[in-house]
Structures are given as structure tokens and as C-alpha cells.
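As annotated by TrEMBL, compositional bias 'Polar residues' applies to 449-459. Residues or ranges marked as domain 'PH' in TrEMBL: 20-127. According to TrEMBL, the domain 'EF-hand' annotation covers 132-167. Annotation comment: TrEMBL describes 475-591 as domain 'PI-PLC Y-box'. Feature annotation from TrEMBL assigns domain 'C2' to 587-716. Positions annotated as region 'Disordered' by TrEMBL: 431-465.
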Amino acid sequence: MESNGKAEKHGLERDADLQLLLVGGELLKVRSSSWKKNRFYKLQEDCTTMWHESHRTFKRNQTFSIDEIESVRKGRQSEGLQKHTEAHVEDRCFSIIFKGRRRNLDLIATSAEEARQWVNGLEKIISNMKKLNSHWIFNCMRKADKNKDNKMTLKELKHFLRQINIEVDDMYAEVLFAKCDKSNSGSLEGPEIKHFYDLLIYREEIDVIYGKYATTGEQMSVKDLLNFLLNEQREVATMEDAVSLIERYELDDSAKQKNHMTKDGFLMYLHQEEGSIFNPAHKEVFQDMSQPINHYFISSSHNTYLMEDQLKGHSSTEAYIKALMKSCRCVELDCWDGAHGEPIIYHGHTLTSKVLFKDVIKAIKEYAFKTSEYPVILSLENHCTLEQQKLMAKHMISILGSALLTSPLEDQMPTAFPSPQVRDEQIINQSNHQSTHPPINPPEDEAAETSNSKTDTNGQKAKAKKSKIKLAKQLSDLVIYCKSVHFSGFEHAKDKQAFYEMSSFKESKAVNLAETAGNAFIHHNMTKLSRIYPAGSRTDSSNYNPVSLWNAGCQIVALNFQTPSKEMDLNQGRFRSNGVSGYVLKPGFQRYPGTEFDPMTLTKGPCVVYYSVISAQQLPKLNKDKCKSIVDPLVKVEIDGVPADTCSKETRSIENNGFNPMWNETFQFDIQVPELALVRFLVEDYDSTSQNDLIGQYCLPLTSLQNGYRHVPLLTKHGDVIPSAGLFVHLMLLDAK
């Protein structure tokens, strides 16, 4: 059986960087200042797996999949390399960052050129794998070829089917095998394997759709394709648009010359962004970015420094990097006095580890604008003495340089917030204490609010008290637009509060205000900023539902980014649109005075959405250690928005088929406020005796949906793309008027 995952499959067969990876080489693995070991690393011939030497007695050979890699960083750009290596090896260093919570792999090459080749080679493989929908199937076929003779026996075929999540009885397997074994040799090879593969990827539902529109010699003419785009996809398309799709996605040159699209080309188109459920126009910044920042929802993180829980979790610059790379635009820094005069960041009065304030500022400087060019807000919770506050100010000014906002953007005293686009790559400070210089009581102090539930380093409960904080002028002068004040009611805020004075609310108080005074909260947020943070009782770093706070117009709804959860799925969905910029413009009825909108008592007109869940493709196995463990998938479609819109509907489960299950089930949703609604697709493994296991999920704003036949990508609980897996749906959004 041929290995179709090799370099030629990636179009990189003559690439020098890839050849280095295939030959392999020794790299210095770094775990600490004293643990640095030479280990051999090599890319396997399938170009999807990395082998590395291990000296553990119980595990000599180890591999990891390229799919497990989130990114590759060149230089000393990880916390480990910065802490455990010297600056002179900067150009020889690189780090492999894994998805989820797996530890980074910090490496040092023998030369700067070798490091460059490793980084470039890995990035090329990662990029190309994302473009290859079939590599997963080929990789499974390779694994099924137990004796590596490039042939597939009936036994190997059965093993392969289990690998790709299909349970078949022996009779069906024998029929499928006999149909492909044209040579009657008892094994499949060459064209027979290709025939088997074609039978395997056959999509009945695509045949039906294609056959309905292909009226020209069993192929789609450009006119047929245009009819499909207009009638099924409900796109504003022209003949030129149809021609363009044929030019880009048709694989058959003779069909392309006739301006025809074959079934293979049609399927290719449906798997591209034009056939995705997510409107490709929303992958770019498409909203008005010239309005004041309080007119936007802002992607925000709580206790950003934590990788795990709130009591004993690890604090790390990596947590800031991960949040910023997800376009988080408001990060939190809990600042305390540290040893040797250096301020530190950690969750005070707990056993969480500590990280230097200056190291966090360096990480923010490096990664703040990798994914989004729009402003980052530093939410400073300050518990430091005057001397260390002065050092905090010095670090921010020296490290952040011109990116740090140190004076109002206007020539005169400002009367409103700046817009996100007023100046590129801007960092704004928001202090959680009043910027005055005599001793003051902090207005909304999370450390004080949660101190009853915190434990000091001696294991004793900390006494609940609000300490008086004196602020250094050098630090308070850096707080320009976001001065934190106590919330004393909406009327008081309207009459007495300046626009730049913002309040922080713990989740229970904010939710209560949203439910009992929704319209007043919305009007408050038209001119002020509101920050919401999780309850102190969430010591496990769990999250609250952000939707009701967005419904009330709250901008900075801070979540624990390190915790996979439905709430983080919703956050990722909310900020998926507008170019993943971290800023999403609020609807007009949440921005302009005079609105009567209240999320609890609706006044808006509805729309109707019809979802048809048709099929799924290549769902991953959840228990890979059990070869006969096949998923029984079902699909849930959830709407999260105002209370009247929030609901969930689900399909039946399909037994023992994760490769190509089909449902063909249709649901209707009546939506009152589409501007605030989020759609979340979940695929679960049904279990009659316990809670269903998550297979994959995808969330996006209702207003970012595309009508018609669409593919839905699937993500892990951590938000990473599951290669080749997806749903196929049909949807129609209609105005109910």
C-alpha cells in the first residue's frame, strides 16, 4: 500500500527544510537550568508524525502527531527558555507549543541555520496539513497495514474500518473487500486500494444535490452552478462568481475548459470557505471601528496569569500568550510585592505560583498584536507598596515604549472614549483602584471579595479585610481612560460618574442587575464601561455564562480562558466574527439612547431559522486505546441569546458510525433578537447509562451564518480544529414578518 502522506503529498518533496526534518538530528531538550539533554528528533515518512528519542526505561520510543502542535516559536519565546537559557543562544532556540495543557517542548539546535530550518519545516507541514482533508484517512490506512507490505488484507481492512470509527459486520466487510479485489489475490493493492478509497468517501447526499442541478451531460455548467448559488445558497451571485469557483476548485482540466464543474470539483467547493457555514466576509474586520470602545464587546480574561485553578494553579507568561493569541483584548494582572524589590503576579493569599511582573509585561509586548492590531487593556489589580508600584510604572514605560498610552489622545480634556482604531497597537491601563494619592479603600477588589475562601502559604484561612492602598503617582498617571470606581446605582453613575470612571461587578451582582434592571444596565453601558468577573467561590477556575451580561450591553465580561467549557465556546463564538479582532460592535439598540429594549421583556421582531442536520464526516474516536470502541454520534443545535431565544434541539443517535453518519433531521427555531443570538453545534457520543461525551463543537453568531448547504468545522473542547471532521447541514434564515 502506498504511503500517500509523504512529502510529495504536501507538495514539498524538494524542500530543503523538510528534508532536514526527514533525516532528523540531535537537539538539546531543555526542562530546567540543570536538565538539558541531547535527544534525536525525526519526522516520520508519513509527514504527520514526529519521532523522538526517549531514555525512559518504560518508554523507549515516543511519537507525537503534527496535529497536536498549536504553533512553533523561534527564539527564546517560551517561559522555560527565557528562564533556563542565556541570551547568547537566542538564535539557536525554538519551542514547540502543543494544544491543550501539554507541556511545551523547548529545544536548542546546533546552529542558527538549523533552528531556522526546523521552525520553517514544521510550519510548512502544519500549514499544508490544514489544507489536506484526506490525510487522516491515508494515515489510518497506513497504520492498518500491519506488515508494511503496501497491501491490505481482509483482516487489515477490518482494522482500518475500526480506526476510522466504523463498526461493520463480517459479511459487509467481505462484500466490500470482494468488490475491490479485482485480481482475486486475497489482498488489495494499487488501483484496488484507490477503488476501495473511492467507495469509502462516497457521499450519497452530495450525489442527490449535485444531480438536481447538473443538467449538462451529467456535469454542472456554469449556469447550473449559478442556479445553485442563487436558489440553494441564497447568495447575491453573478455568472462571474460561478466561473471563479470553477477556476479555483475544479480538478478536471477538460471540464474546466468547458466552464463545467464535476462532482469532485463541487465537493471541493463545498469544503472551502465559500461552502462553510461561517460567512467568509466576517473573517475580516467588517464593522465600523471608529466608535468609542464602550460601544463594543471586548474579549476579556480573568486572572489571566493562571494555567489551572485559583488555589494551587501554576502562574505563567504562557497563559498571557495563549490568551493574546486568541485575540483577548483585556488581560488581568494581580500585582503584589515580590522578593528583591521586584513586583510579582499571582493569586494573593493562595498557593498559586508566582511570575515576575516584568516578565509578563515582556510577554504582552511581544504577543499583544500578533493576532489583532486593536487596543489591549491591562486590568491592574494593585496590592503593591509605593516603591514596587514605581517599579511597575518604570517597567511598563521602558518595556512597552510607544505602545503604552501615557496621555489622552486628544489635545484637550477628552469627553468620550477613543475608538479601537484611533491608534494602532495601543496598550491602555485600567486600574482596579482609584487613581488618587492619599490612602484609599479599593472600590472593587477581587482579592478582598474572595479572601474568606483563600488559604495562605501556611494553610491558614486569610482574614477578610479590605486593606488601604496608597497609589504611587508614577503608576496612577498611566491610568488614562479606565479609572475604577465603586458602583452606587445607575442614577448616581448617570449624574456623578465621568465617562472614564468604570465599575467592576462580581458575576452575581451583574446577573441580578441584568435580570431586574436590564434596560437601565443597557443605558448605563452606552456611556460607561462595565467589567464583570467570576465569583471568588469558583476556585476550580470554572466560568459563568457570559450571554446574559452581553445582553445587557456589558463590554468586559472576563472569563477564565484556561478552562475548557461551554462558556468559553460561547466566548470564542462571539468573537469569531469581525476578523477575530477581539472587538465586536454592539447592536444599535445597545448603543444609542432612547431604546426601550430590555432582554427580559422583548420589543423586537422575530425571524425563523430552519436547520437540517444532514450528515457528519470523519468523527474522531474518543477511546483510541480500544480498537472496537466506536462512537454513537448525535447532534445538538443550541441557541444562546435573550431568554426567549435560548433553547436546544437534538437528533437521534446513530449506532456505531463515526465516519459517515446520516440524520436528515430538520429543526425550526423562532428567534426574537438575532443580533444577540449565538448558534452552537455539538456532536456527542451517546451513552444511555452516563453523560454523553463531547466529540466536537462549533459556535458562531447567528448573524454570521450562511444560508444553504454548508459544512461546519468541528473543534475540540480546547477550541482547536479537529482535522477532517465536520458536519454537513442545510439552513435557511427567514424574516418572520
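If you go along the chain as it appears here, the first residue is 1 and each next one adds 1.
Backbone N, Cα and C define each Cβ position, glycine as well.
Note: the domain 'PH' (20-127) comprises 35 helix, 45 strand, 28 coil (DSSP; helix = H, G, I, strand = E, B). For the domain 'PI-PLC Y-box' (475-591), residue counts in helix, strand and coil come to 49 helix, 20 strand, 48 coil, using DSSP. Mean model confidence of the domain 'PH' (20-127) amounts to 90 (pLDDT, 0 to 100 scale).
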